[in-house]
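Annotated features in TrEMBL:
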ACT_SITE  Asp49  active site
ACT_SITE  Cys52  active site, nucleophile
SITE      Glu237  site 'Linear diubiquitin binding'
ACT_SITE  His262  active site
Amino acid sequence: YKLSVSPEMDIMEYCRKEWRGNTPAAKRMRKGYEAVAQKFASIRRIRGDNYCAFRATLFQALSQATQLPRWLQSEDFTMLPENLLSRYDWIEQWQLRQKPGKRMGEIRDEIKEYLILLRQKWKNISEIKGPLEKQEACDKLFKNEEEEYSLYEALKFLMLNTAIELYNADKSGKRVPVFSWLLFARDSSSNPCQLMQNHLNHIGHSGGLEQVEMFLLAYALQYTIQVYRLYKHSTDEFITLYPNDREEDWPVVTLITEDDRHYNIPVRMCQETML
């Protein structure tokens, strides 16, 4: 049994354990961790299994949630699979986790279940007032493998929906964020169908999220994802925001990465930072 989100550890203690040598890379990492430690006291390691970007982002979003996001409140939310499958039959090729080859009806019903679960968990956790109790509820959720992976399946479907919206908006001449052009400029994802077949279907199996897909995740959740990219310390990419043109009313979650592949989370903001 593997922990999805490990217990807290002092950030600098963690850094000293992981980066002992005197190579340029180790020195840069230590400098990066020192900078993060100005703002946060602790780190929690995220289990690395190609879902870590989802896991880190969702854990942070839920552990600071105080209300249900607007998009989760909409009545149409759970009708998404039905609405999309009625318009795009290629979504039948959606790969459910460990259940390849499902038929259209089963895919529709199963994804609907995942979306209902996401709304229910988000609502329950956001209603918990005490920070300690909220943290316990998040820890408990991320120890339930069946539920946890169902939530990632819901996130993937929301990313597909967002990609379809952006693609259609661009085709009809509306303004779209720059990352949307980059997303569909790739040979492997020139349209939403290819994005699903070549990227979304593989997340969690043979690969994690690429950088351009971090933007898509941020847009799907309507959250700004702030990432300390430690190997970029002392460059202007050290702290990267997805999206970089921040939406004013979107909440912010913070992650840490050493290589843009695996993500951990900083916790416990230092007092002076909070003031």
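Just so you know, glycine gets a Cβ as well, placed from its N, Cα and C.
TrEMBL annotations: computationally assigned, not manually curated.
Remember, predicted model here, so these are calculated numbers, not experimental data.
Counting in whole angstrom, Glu237 (site 'Linear diubiquitin binding') lies 17 from His262 (active site) by their C-alpha atoms. The number of other CB atoms found within 10 A of the CB of Glu237 (site 'Linear diubiquitin binding'), across every protein chain shown, is 10. Sorting the active-site residues Asp49, Cys52, His262 by the number of other Cβ atoms within 10 Å puts Cys52 first. His262 (active site) sits 6 Å from Cys52 (active site, nucleophile), taking the CA atoms of both as reference points.
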